[in-house]
Amino acid sequence: MMITSVKQTTISFTNPYVLRLKSQLPTPQFVNFSPKICRKSDLLIQKPLQISKFEVKGLGFGNGFLKDRKSVIKCEAYEADRSEPIDDGVVEVPGEAARKVKIGIYFATWWALNVVFNIYNKKVLNAFPYPWLTSTLSLAMGSLIMLVSWGTRVAEAPSTDIDFWKALLPVAVAHTIGHVAATVSMSKVAVSFTHIIKSAEPAFSVLVSRFLLGESFPSGVYLSLVPIIGGCALAAVTELNFNMIGFMGAMISNLAFVFRNIFSKKGMKGKSVSGMNYYACLSILSLALLTPFALAVEGPKMWAVGWEKAVSQIGPNFIWWVVAQSVFYHLYNQVSYMSLDEISPLTFSVGNTMKRISVIVSSIIIFRTPVQPVNALGAAIAILGTFLYSQAKL
């Protein structure tokens, strides 16, 4: 590839004829190069040019020199094996394309696992209405999976210290409360209704950040709360099987998860732990916090009676349901935390909105949940508001 280097410096000519010719020409001057080197375009040269590292045979000056003063040219880089200029368009790097495919797989897996978890979780709670034990089993299964993975070196164990666990403690407290509250909600109302109310989480996030942390947001963020709150209210008042415990459980879950995110951002800065291991540590600590409360609120006697009744009514499939809901709970959360290593919080927020849509629609179809048109309208408005919120924060 022929390379040109152009410097804007003054040229000294010693040939009298050239000097005389130069004095007759006005500035700026225009140079017409061979088309093999330059393509016709618009490059204005304000000063005489000195050209170095430039190979041209038979370059001379005469009466025809710079005859066409209106014609100006632009030099462009050429590829070594092409006669056309390089395309100025953006060329996508193969690594970036692979990353987008990876993110797409994360999202699809996250949504699918979440749908499966919600289906099995609702089946278990319908037959075995003990949300505290159900929540404990979900965390216990996840902790067991990760401990085995670390022990067998399937996954690399994180390097943690006492400061890490101290910073993780408030996150685990909020996560435990949010997890149990959501499970209590789904034990009392339809899965679709719980997730409609949980779509109001951005409203809680803005209110807590504004009044407790003193943060300010663009006006678009505040406006997006109107359809979120209005849609959730419309869905709640038109819910056929409304239950106050179920409604309050979803609301408490929203508030707890907002504080979980706040504590995570503030306390975990600078902690070099992958998303998968971060959630594993969070599950282990949450399990330690939840177990004594589950024993106190429900207890082994209630569990034994409820378990026997569920097995007698459902059969051995009930045990599979319990195992499935516990495994899929850990997997969908693990994938969501892993995706945070690859995407921005905004993209994650949009993905979370789409996840709720998939859960609401699938649960209505599978459980044949009766839905009134006005109830569906409220859900749609709330989901739209959540999407607008994610865009307003951009």
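Backbone N, Cα and C atoms are what each Cβ position is placed from, and that goes for glycine too.
Remember, TrEMBL labels are computer predictions, not curated facts.
Here TrEMBL flags 102-390 as domain 'Sugar phosphate transporter'. For 103-120, 132-150, 220-238, 244-263, 275-294, 314-332, 373-390, the entry in TrEMBL reads transmembrane segment.
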Top stretch among 132-150, 220-238, 275-294, 314-332 for CB pairs under 8 A with the transmembrane segment (103-120)?
314-332
Give the one range among 132-150, 220-238, 244-263, 373-390 whose Cβ atoms make the most pairs under 8 Å with those of the transmembrane segment (314-332).
132-150
What average pLDDT does the predicted model assign to the domain 'Sugar phosphate transporter' (102-390)?
91
